Amino acid sequence: MDGCAEICKCFLILFNILFALVGSGLVGLGMWLRFGAETRGFFDIDLNTAQFNIGVMVLVVTGVLMLLVAIIGGCGACNHSKTALSVFSGLLFLLIIIEIAAGLMAFMWSGRLADELVNFYNTIYAQYLNTRSPGQAVTLKLFHNAFDCCGIGGPIEVFVRDTCPDGDFLHKLTYSSCPRVIKDVFASRAPMVLGVFLGLAGIMMLVLVCSCVLRCHVSSSYVSSPSYVLLTSSPSVIFPAPAAQQI
């Protein structure tokens, strides 16, 4: 195997190991969000949570698909299987298209996503004021710790103060209103999110090129050996029968 194909093989194996780890992490995260004791209340809220159930399912399905792609790619690279490398290239190309489309949609719909998340937060906030449910308290704590904010009032928030992030007195005076912080975060980080998606798609494109190079090398290395003609018989030379001895 030449140097270029050897480098591509090593790169493919390393990529598929990382890909499998990320896929396992996504599956584990989805299962934890759905069945974990700390987040179970997140799904018991008196609210239509179909979006979140769909989100968890997307995490699990994406993780399983990544694991499948990593296994096929790893087997193809280690065993020099042209079929496995072809399937791996096709699945990877499909994932690249999905990656680019997801980045573009996240960038274009960042404002809409922010509004939906703000509406969800406001609903949980209002319900918690009436019920003081532990599940809703867990949800508010997730929001407050993720965005480092406190309720709707920010530094003057008094109704959900028990769910706000811990900190000293001065830090609590600098808390911002969660709806405003959520919108600011989505507006400021939308280009960065797009860049992350495009960067990942670029890395996967490089892996796709390496897979094609290795597949071409495997195809050229299995050229059928030249056929040899085995001569089982040589042309016979007919000698005349010996004449009878004359007496």
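Note: Cβ is positioned from N, Cα and C throughout, glycine not excepted.
The following features are taken from TrEMBL:
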type: TRANSMEM; residues: 12-32; note: transmembrane segment
type: TRANSMEM; residues: 52-72; note: transmembrane segment
type: TRANSMEM; residues: 84-109; note: transmembrane segment
type: DISULFID; residues: Cys150-Cys164; note: disulfide bond
type: TRANSMEM; residues: 192-214; note: transmembrane segment
Cβ atoms near Cys150 (disulfide bond) (within 10 Å, other residues, all chains): 26
Answer yes if the transmembrane segment (12-32) and the transmembrane segment (192-214) have at least three CB pairs under 8 Å among residue pairs 6 or more apart in sequence, and no otherwise. yes
Spatial neighbours, same chain, of Cys164 (disulfide bond) - Cβ under 8 Å, 6+ residues apart: His144, Cys149, Cys150, Gly151, Glu157, Lys172, Tyr175
Given the transmembrane segment (52-72), its same-chain partners at Cβ distance under 8 Å and 6+ residues beyond its ends are 16-17, 19-20, 22-31, 33-34, 42-43, 84, 87-88, 91-92, 95
